[in-house]
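Feature annotation from TrEMBL assigns domain 'Lon proteolytic' to 327-511. The active site annotation in TrEMBL covers Ser417, Lys460.
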Amino acid sequence: KIICLSGPPGVGKTSIGRSIARALNRKFFRFSVGGLADVAEIKGHRRTYIGAMPGKMVQCLKNVGTSNPLVLIDEIDKLGRGHAGDPASALLELLDPEQNANFLDHYLDVPIDLSKVLFVCTANVVEMIPNPLLDRMEVVAIAGYITDEKMHIARDYLEKTTREACGIKPEQVEVTDAALLSLIENYCREAGVRNLQKHIEKIYRKIALQLVRQGEIIDATVCSAQSMEPMKDKVDSDELGLDTVQKENSELVEGSDSEKVGETCDAVDEVQTGLSSDQSPSLEVAKESEEDKEIETKTIEKILVDKSNLTDFVGKPVFHAERIYDQTPVGVVMGLAWTAMGGSTLYIETTFVEEGEGKGSLHLTGQLGDVMKESAQIAHTVARAILLEKKPENPFFANSKLHLHVPAGATPKDGPSAGCTMTTSLLSLALKKPVKKDIAMTGEVTLTGKILPIGGVKEKTIAARRSEVRTIIFPSANRRDFDELAPNVKEGLDVHFVDDYMQIFDLAFGDEQSQNIK
């Protein structure tokens, strides 16, 4: 099969392709088609043109020298389209198992059998790949890594390779687990580990510089301690050993053999060592040995990277705690969102602006997209219907001007999955009742109050864990996605699956009266 590995940048798609080739004991060839706009790159030029070349596949077979290599086609979602044809259409023949048994290269003009070649493609966004091309591939989605996985990757692989590259011995440095966890949580929340690798490299480069500077200081102390005495030795030995050197030179002129020369050199060395040892008093020797011991202890001194001094190596944290409220006040509910960085928690805040007969309206802020604005209008209608059903005498929505905001204001947001969160926020304000502590929810709501499925269950669950949320509400259609998650992601979470909004209403506001009495 032709496999397409899809996922965010830095999750190791190219590395997986290389590992498959190593496991199958096949030759590996990689070519990137990102921005490729010329069909001749794939199909080859006709030989009538000056500078004509065969296509990439012929070059590949020529380089590897086997008929069954593993060919990694990188960035297949970023194919260009130039004046010289559409490369995506040219790839159809290459990637179709029915057609590539006799692939015709324009340069060779001879059918080539590519049926034994194993193709692996990589892409960031599957939606960007043309449909006929996508139809020929088996898509394997690679999700981002969770904190535990990043910790293992950093410890077992990234640290080791970076240490070797910087020439640092393992006993010279220690990065604590707390520092590594802080680095992942506060600096590198991306789905992949490329940014984490950059930060680890930055830490080790600075450590290497510190070690070199320490070494220079130690060398300087050694030199200053021993500089005076060797000078004396040299002067004395030179005066006394001058005759022997002259004799040695005269012997060389006479044509003495190499053995004699060696003997005379040894004799000179013995004289010099004898002189230096005779002239150095025992007290100075004792001092020197003490200094050497001190120097040894200095060199063994380990550099410790802890949570407290992490900012000295990588600067201030990029991300801050997403949790703004310990207990959410009236009109504020925590939702779960999927972002390019993985998952994150976001608050939906609703406040009362003014009251007046027939002034019922909803004002939206927070850089919301069109889908999210529509979602807010649906939530307003659903909340109004539920309040009418629960408390017919309460005219809150009919007479109140409301303001709904989704922080942070500078971050663009879109998507339908905040529908149930917005509805809960509006009802919390209407009933003047805060929702339960440590609860987060996600799900698209319809006008009749049905809850539709959403995407990014893994990322949203990880975001909830990071914000220490204990109760999560998911649409019941997402139960299968949640069941597929690793046990360490699911443990300690109280997850509820709902298909109607009234179930969320009972979960969010159920035991609130008893809590208030307490």
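For all residues, glycine too, the Cβ spot is worked out from N, Cα and C.
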All-chain count of other Cβ atoms within 10 Å of Ser417 (active site): 25
Cβ packing number for Lys460 (active site), 10 Å threshold: 27
Rounded Cα-Cα span from Lys460 (active site) to Ser417 (active site), Å: 11
